[in-house]
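Here the structure comes first, spelled out in C-alpha cells, and everything after it is commentary.
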Amino acid sequence: MSLSYIGTQLTIYVGSTILIAGILGNGINIFIFSSVRTYRNTPSTFYFLVGSIHNLLYLAINLTFRIVSVGSGFDLTRTSLAWCRARSFFLSTCSAISFTCSCLATIDQFLATSQSAHLRRYSKIELAYRIVLVTMVVWYLQGIPWILYQNISPISTTCARTNAIYAIYVSVYLLLVLCVIPVVVMIGFGFLTYRNIRLTIALAELRADRQLAKMTLIQVVLVIISIIPYGINNAYGLITTGMTKDANRILIESFVSTIVSLISYLYYMGGFYMFLISSSRFRHVMSFNNHYSNETLTQQERGTQRRRATASALLYNSLSNSDDDLSESQHSNRINKDPVYQDDSFFFY
C-alpha cells in the first residue's frame, strides 16, 4: 500500500468527516451568536460570529472541492481560470479574517477584564463593528494579487503562482499571517486575560476565571495543534525551494503535506466543539434554545438564568450594600453597562 493511496483515502474519509462536523458546528455557532440578544451585543461573541461565517465558507470552498478532486480526479481549477483565481482569493481572505477575529476576541477579553476603566471602555460592540468592517476591507484588498497572479500552468495544467515575487510573498504570508502572528497574539493576550481575572475580585466572585481560563487555554491549544504544524511545513517548503529532490522524497513530502493540511482544518472545524466542551454557559444556552426563544424572555427570566449560570447574586448583593437607594433594574443596568460585569462575555472565550 503506497503513501499516495493512503493520502488519498485519508483525504476522502477524514476530510469528509471534518467537512460535515465543521459545517454543523459553525452553523450552530452562527445560529447561537446571531439569535441570542445578549451575545449579539457582546464584542467577543460578535467576533466569533464573523469568524464562524468565514470558517464555514473556507471549509465549503476549499475542503469540498479538494475531496471531490481527490476522489473523482476532476479538478475544476485545472480547467477554469476564473475558478482558479476566485478560489485562491476566497481562501486567502476567509482564512485571514477568521484568524483575525480569533485574535480580536482574545484582545477584547483582555480589555473587558482589565482593572483599568479606560481600557474597559474599548470593549464596545460599536467599536467591534467598525474594527470588523476595516478588517474585511483590508483582507479583501490584500486578496487582489491572488486574483491577478494565479494562472493555470501550461506545463503542469495546475492552478499555480506564475510570478516569482508573488510566490515568495504567498509563502511568507502563509507562515506569518496564518501561523506565527495568530499564535503569538492568542497566547500573549490569553495569558494577560488570565492574569487580569486572577487580580480582579469582581470577576472572581462571578467565577469567570475558571470558565474563561478553560475556554482560552483550550482555544489556544487548538490553534497550536492545528496551525503550528502547518506553519512548520510551509517554512520547510520555503527553505527547500529550489533544491533538487528525488521521487521518493517528493512522495514523502506530499504525504506529510496531506496530513498537515488535514490537521489544519481542525481549526476551522473545532471552535464549536471547544466551546461545548469547556463552557457550561454555552451548553446551557444550547439546551435553553431548544425550549424557548431568548428574544421572548422577560428581563426577570434573563436575570434568573444568568444568576443560575454565574452566581452573580454575590455581585448583586455587593452592589446593593453600597447603593441602597438604587432599584433592582438600576442595579441590573449598572452591571450590564460596565464591561467588567458583563458575565456573558466571560463564558465565550
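Think of each number as a place in line: the chain as shown, counted from 1.
Each Cβ is built from the backbone N, Cα and C atoms, and glycine gets one as well.
Sequence-distant contacts of the transmembrane segment (12-34), counting only residues of its own chain at least 6 positions beyond either end whose CB sits under 8 Å from a CB of the stretch, comprise 40, 45-46, 48-49, 52-53, 55-56, 59-60, 63-64, 66-67, 70-71, 262, 265-266, 268-273, 275, 282, 285-286, 289. The transmembrane segment annotation in TrEMBL covers 12-34 (among others).
If you look up TrEMBL, you'll see 25-275 marked as domain 'G-protein coupled receptors family 1 profile'.
Here TrEMBL flags 46-68 (among others) as transmembrane segment.
Distant neighbours of the transmembrane segment (88-107): 43-45, 47-48, 50-51, 54-55, 57-58, 61-62, 128, 131-132, 135-136, 139-140, 142-144, 146-147, 150, 159, 173, 177-178, 181-182, 185-186, 189-190, 193, 216, 219, 223, 267-268, 348-349; these residues of the same chain sit at least 6 beyond its ends, with a Cβ under 8 Å from one of its Cβ atoms. Among the features that TrEMBL reports, transmembrane segment is placed at 88-107 (among others).
Among the features that TrEMBL reports, transmembrane segment is placed at 127-148 (among others).
Feature annotation from TrEMBL assigns transmembrane segment to 168-192 (among others).
Feature annotation from TrEMBL assigns transmembrane segment to 212-232 (among others).
Annotation source TrEMBL lists transmembrane segment at 252-276 (among others).
Packing against the transmembrane segment (252-276) from elsewhere in the chain are residues 3-4, 6-7, 10-11, 14-15, 18-19, 21-22, 24-26, 28-29, 48, 51-52, 55, 58-59, 63, 95, 98, 215, 218-219, 222-223, 225-227, 229-230, 232-233, 245, 282-283, 286, 348: each is 6 or more residues past its ends and has a CB under 8 Å from a CB in it. Packing against the transmembrane segment (127-148) from elsewhere in the chain are residues 43, 46-47, 50, 85-86, 88-90, 92-93, 96-97, 100-101, 104, 108, 166, 169-170: each is 6 or more residues past its ends and has a CB under 8 Å from a CB in it.
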